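First comes the structure, then the notes that go with it.
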2 protein chains.
Amino acid sequence: MAKVKKAPRPKAETPKGFRDYFGAEVTERTEMLSKIAAVYHRYGFDALESSAVETVEALGKFLPDVDRPNAGVFGWQDGEEEGKGDWLALRYDLTAPLARVYAQHRNDLPTPYRRYAMGPVWRNEKPGPGRFRQFYQCDADTAGAPSVAADAEICAMLSDCLEVVGIPRGDYLIRVNNRKVLNGVLEAMGVADETQQADVLRTIDKFDKVGEAGVRQLLGKGRLDASGAYIDGVGLEEAQAEPVIAFLTSQGADAAETLANLRAAVGGSEIGAEGVDELETISSLLLAQGYGPDRIVIDPSVVRGLGYYTGPVFEAELTFEILDEKGRKRQFGSVAGGGRYDGLVKRFTGQEVPATGVSIGVDRLLAALHAKGRLGGKAEGPVVVTVMDRDRMADYQAIVSDLRQAGIRAEVYLGNPKNFGNQLKYADKRGSPVAVIEGAEEKANGVVQVKDLVLGAQIAENATLEEWKDRPSQYEVPRSELVAKIREIIASHDTSGQAPLGQGAD
Amino acid sequence: MAKVKKAPRPKAETPKGFRDYFGAEVTERTEMLSKIAAVYHRYGFDALESSAVETVEALGKFLPDVDRPNAGVFGWQDGEEEGKGDWLALRYDLTAPLARVYAQHRNDLPTPYRRYAMGPVWRNEKPGPGRFRQFYQCDADTAGAPSVAADAEICAMLSDCLEVVGIPRGDYLIRVNNRKVLNGVLEAMGVADETQQADVLRTIDKFDKVGEAGVRQLLGKGRLDASGAYIDGVGLEEAQAEPVIAFLTSQGADAAETLANLRAAVGGSEIGAEGVDELETISSLLLAQGYGPDRIVIDPSVVRGLGYYTGPVFEAELTFEILDEKGRKRQFGSVAGGGRYDGLVKRFTGQEVPATGVSIGVDRLLAALHAKGRLGGKAEGPVVVTVMDRDRMADYQAIVSDLRQAGIRAEVYLGNPKNFGNQLKYADKRGSPVAVIEGAEEKANGVVQVKDLVLGAQIAENATLEEWKDRPSQYEVPRSELVAKIREIIASHDTSGQAPLGQGAD
């Protein structure tokens, strides 16, 4: 008979730039988000889960660094008839949806509206190593609060969040700046042309690399860079550079000194003075709540990329060092950022709605906790009840049922039970602390064998023959004492940092 | 000056068929899912969060009731160049992604692989009342376990899940059937033609409405329905109907009787006998774990819609009555279902991979808990610290900071403080238990005013003048005793079921 031609098999692959998360990768994130949500909640923020799908129109175009035609989102046209429905897209952050939600429901929501949101967002970007097209964000925002007390509150809350998930004080710093100060500097320089303003901002961003002399050259006629190429300057007068230089070197020994320096840098600019006043208010409000410069500092070097910020901007930086992929020490860097954006809701309503908020980079923060050894311990596998006799599955199910009712994670081996070695290999792969064995003989005698897999592995790796005799890893116990014995073994693992068999804590 | 023409404002709306979830809607779901995850975990299931986006090829087409051209999914073509990239789509359930994940990672995953998953799925369907295009699922599946012990385990686990979220025993029933029994009945009838088989299954589904006589007519020449229309029959011989009728009336007083009836119904069919054996095994395994017919029963009337089931199928039904939108009593109905699907992974690998699992309808279960009064109590609003003097914001921030550090949810009023009435209206909208007031005089005397808003509302609604004098709802306390006083007031609200002012518990 001729073989029927089959359709080709589908490829079992995630789309490019997407990935799956397994076991502890999921539960560690869930636990971290739950701790952060508790802090947000304590500060009076309410949960919001907006639709993952928005109209393209509502989302707007606020993505940084977009150089692709479909503007960085995954979008499609709705409806049955081609060319007739709304264009829809997956949200690319949680801020644009908040603006839409607040505009849509503002008559029912309290004002100010404090909300938190956590969930995946999607970016239609070129995937790269460690760069995914779906990732988590975890935001808190206040809409409808004009006072910078709202910004100060968010900085304090961010500090609490970092500590509650396991970043100790001293290992992070929240740095606060103000867009208005930057605008004041531009005003003090007498730079009103928008192109020139953008050029000046770009130059400010290069201060780290080129230093004061380099900035002066770039603001003036230009300079020869390290590669020998000549970089055209902005073309300002020499004197015009002074406010920028004053601004870039304004960081003082304490907040008062920094603020005085900034005040000098903005000169007579009204908007600049307002910005410095706001920073002063934020600083004093935070001090009143006990958040000193060991946690939150004024730092003129903070420039957030997004175009929509209109006032205070902030960034949480982890200050400890890690080794990068080439084994070089470097600071861990930023894990959260935010600021005030008074124009986003106005897009919908025509009325100014002041708003401010923060977004925590969930994956970066998880990576930091791994780097600090706060996460990534061995996950607790289930007790595995092995199957010695497939006709007595009911007995084995009764055993796991007893264990589960005692709150112990447990399962029966459900693969082919013929090869007992495979069952122990399975238990090993699952990270099981204990295997339970009940053969015909045990059943007849009313006992079970309990195998301590953690101790067994330690013995196999390290023990001398004496120790092996001394420290058996398998016990025969009456069936009625099974739960108690397993509790005892699991408890002994929890204190295994106390070096059984002479091993140090790992 | 001529007014510059502006771009039209975007509409602040979710796309059709999508919605947002606020406050308790989010946290109640999160808490319910977390309880279910704990049960899944205790049974040895590991978390998996697969990508929300899949290739259309990997998703396959397993949606029931699809009559729209793009097959019920939200899809688009990837890549910059039109017509060149993979077709991608949002997942429509959590089972198809599991099959892809297991096929992709099977060499690294344990076998059997028990996993749970929870998250949103998307369906490109015509939205209707209460019918949304994004909703949550919460699944647990075992891949690579051929034994029906895996199916029994999932039924037991489903029972535990329902009880742990607050559905008491007696208010639900898990009903188990087996596709193989159905196939056995068709075999016993001598119906081999696929179209006729489908017609018979459709007729079985009408048993509830048309009864035994109606089924006999529909299997034979046809019948006149209530509207007077003549429905064509399947055209079978009279005798051929017997196995179906035996099957449909096989429910006995206990499992043993039901199983004996089913065995008779499938006659000499081998596949049918296998199906009955499997049901018998499931039943005895569940009994061994203590899951009797008060929780899980064999029920031949269960027919799950999805085409991919190959063995046991199950459904959790809530048996209490609720009032429907027209005020009529009806049973709440199904909240979860699942079954064995041995062919899904084979699509990718060519090799049979037995699998079974359950999906809990998260929104239906939440609705059930609301109907039972287990959810939907008044959410705990924050203590609101009012602003009497906007220059003393630092004092108010210090107050909330004290409260938060004591674990009390609290916030400063961040709207315009000019109108004090608005501040109290805000506190009311927030469901605040307490408002704190510190004017200039209080500040000078080192005291604060604490307003019990819950008691205040009760007094305003119910109190006589004597009671009002007797039970003030505002207290002046030293600033140093603020936290203790607020704790006391909040604790008194928790026991307010004990009828202050003669009110009954609500």
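Cβ coordinates come from backbone N, Cα and C, glycine included.
Taken straight from TrEMBL:
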- B:Asp93, B:Leu94, B:Thr95, B:Arg123, B:Gln137, B:Asp141, B:Arg304, B:Tyr308, B:Tyr309: L-histidine binding site (BINDING)
- B:17-382: domain 'Aminoacyl-transfer RNA synthetases class-II family profile' (DOMAIN)
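Just so you know, the Cβ of B:Asp93 (L-histidine binding site) picks up 18 other Cβ atoms within 10 Å once every protein chain is counted. Highest local Cβ density among the binding-site residues B:Thr95, B:Gln137 belongs to B:Thr95, counted as other Cβ atoms within 10 Å over all protein chains shown. The Cβ of B:Tyr309 (L-histidine binding site) lies under 8 Å from the Cβ of B:Arg179, B:Gly339, B:Arg340, B:Tyr341, each of which sits 6+ residues away along the same chain.
In the three-state DSSP scheme, B:Gln137 (L-histidine binding site) is classed as strand. Looking at the domain 'Aminoacyl-transfer RNA synthetases class-II family profile' (B:17-382) alone, the prediction's average pLDDT is 90.
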